[in-house]
Amino acid sequence: METVLVAGFLCVYDDNDINDNFYLPRRTIQEEINSGNGLNIPLNINHNENAVIGTVSSLSVYSTVCFVARVQSKEFLTIIKKIAAKSKLITNTEEKTLPPDPEIECLNSIFPGLSLSNRVGGNERDPFFKHVSICGVGRRPGTIAIFGRNLNWILDRFSSITEAEKEKILSTDQSCVQFFAEEQFKVDLYDLLADSLDTSYIKVRFPKLQSDKQLSGISKSTYIKASENLTANNHTINVNSKVTKETEATDSVSQDDCAVHAPDLISTICSTTHTTHHDLVRMNGSATGNSASLPAPQFSECVFLPKDTFCSLLNATAGAQNKNVTPAAPIFKTDEYITPYPESLSRVDYGNRMNYHIPPPYWYPSMPGFNYKSYRGSQKRCAPTDSDDEMSFPGDPDYTTKKKKRYREDDDRELTKDKNDIKELVDAIGMLRHEISALKYIRSQSPQRQHCTAVDTMPTIEEKNVASPKPSVVNASLTPGQDRNQNLMQSDQSLLSLNKKLFVEALNKMDN
């Protein structure tokens with residue numbers, strides 16, 4: 001694969017309108033070059049560090065900062081070669097003196113700008129030159145790139161480079177030993193397509209390239225698609241304002257004059273790019289109207305207009321032409337539809353709405369809100385209490401209803417319930433006393449009274465069982481008197497223990 005070189009200016013010191021943010025001090029650049037930091041600087045695409053395509057072989061400072069680099073990435077050159085083979089306009093150059101080289105022309109068309117990435121402040125130990133990028137257009141004035149196969153041919157394109165400076169650049173380039181690894185180029189065709197898409201959104205690209213070409217002193221034929229060299233003083237472009245001097249005179253023209261000369265101005269503006277309408281017609285072999293018979297105007301005849309002025313000229317031209325207006329459909333009047341029932345206003349014809357009687361809205365009295373909370377409270381069941389499960393005694397007036405669920409509605413019912421519980425306890429104690437008195441009376445009438453002790457000193461069944469052990473011998477006699485006395489005593493003891501148990505439970509309940 002043949003060698004591809006690129007050269008150009010990274011900064012032009014003769015320009016007085018340079019921005020301070022992009023200013024490169026001449027003394028700092030010279031010191032960095034003398035210290036050997038100006039060689040083997042990476043060359044990439046649009047400041048993408050993953051798209052390194054070569055290295056810088058020469059960097060020198062004169063009236064400009066001139067650099068020379070070699071494109072060494074084989075994969076990148078293969079992509080450019082395929083793009084150039086697919087393009088139908090890339091080899092259609094007006095300059096027949098240049099040798100046909102689709103790859104070089106493709107590189108000059110896609111990446112005509114240069115940009116140097118350098119250190120601004122920060123750590124002084126970091127390298128001053130970070131990388132050089134080829135791009136769609138550079139920010140610094142005069143930063144335009146020229147690709148070629150021969151370095152002498154590239155340097156001859158710049159009229160501002162003297163013969164002595166050219167010899168120094170050639171000697172520095174030949175003595176430089178370059179190192180490049182193919183792994184540094186990590187992008188593909190989609191990344192390059194995205195860069196081209198971003199470049200197409202730059203509005204001032206072509207005026208900036210025209211100014212850079214004039215400022216760099218490129219006088220001979222090149223592959224750059226940045227229009228012809230500007231020589232007329234009346235058409236000198238101001239980079240900051242991006243408006244020609246003839247624009248001021250155009251603004252003072254009246255609206256009638258603009259309408260008369262609008263077709264000429266429009267055809268003149270369309271010829272500012274390198275590929276004019278005349279060229280496209282000549283390539284395709286056909287045209288509409290009389291456009292094919294009109295010669296392509298020269299660049300000195302071009303007039304640059306602001307966007308607002310151009311749009312106003314288009315509107316004036318469109319208004320002056322006769323237009324066949326399509327008549328609108330006739331509007332037929334519709335009869336009013338009368339119904340025996342009143343309709344809503346939206347269903348009445350628009351023309352009859354003013355005469356339509358709308359009844360006033362009916363006023364409904366406000367209804368008091370329903371007290372839902374009180375209704376829920378009255379139907380809510382109270383929490384169960386211990387009194388619901390207590391034992392009932394015979395003779396109790398609430399004996400049959402004591403197991404039913406109770407509900408309390410307010411505090412008065414709760415107080416009444418507490419009083420009833422106390423009354424029940426008093427009645428139970430009275431019944432226990434009555435039972436004890438009856439038991440004492442029965443015991444006093446028993447014929448075996450002398451064998452019984454008093455109730456107050458009589459031990460319980462548990463104490464009797466503990467105190468008196470069971471007899472070891474059981475008699476099987478049928479003495480009627482003894483069995484009767486034993487059965488009576490056992491019934492008395494069981495009834496007494498039951499009453500005591502109930503009495504203890506009643507006392508425990510009163511304590512709680």
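The first residue you see is number 1, and the count goes up from there.
The backbone N, Cα and C atoms fix where each Cβ goes, glycine too.
Sequence-distant contacts of His47 (active site, charge relay system), defined by Cβ-Cβ distance under 8 angstroms and a gap of at least six in the same chain, are Ser115, Ser117, His131, Ser133, Cys135. The active site, charge relay system annotation in Swiss-Prot covers His47 (among others).
According to DSSP, Ser115 (active site, charge relay system) sits within a strand segment. Annotation comment: Swiss-Prot describes Ser115 (among others) as active site, charge relay system, evidence class sequence analysis.
In the three-state DSSP classification, His131 (active site, charge relay system) falls within a strand. Swiss-Prot lists His131 (among others) with the feature active site, charge relay system.
Annotation comment: Swiss-Prot describes 264-282 as region 'Interaction with pAP'.
If you look up Swiss-Prot, you'll see 376-407 marked as region 'Disordered'.
Sequence annotations record features per position, and here Swiss-Prot assigns region 'Interaction with major capsid protein' to 492-512 based on sequence analysis.
According to Swiss-Prot, the motif 'Nuclear localization signal' annotation covers 402-408.
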### Task
Please average pLDDT over the region 'Interaction with major capsid protein' (492-512) for the predicted structure.
75
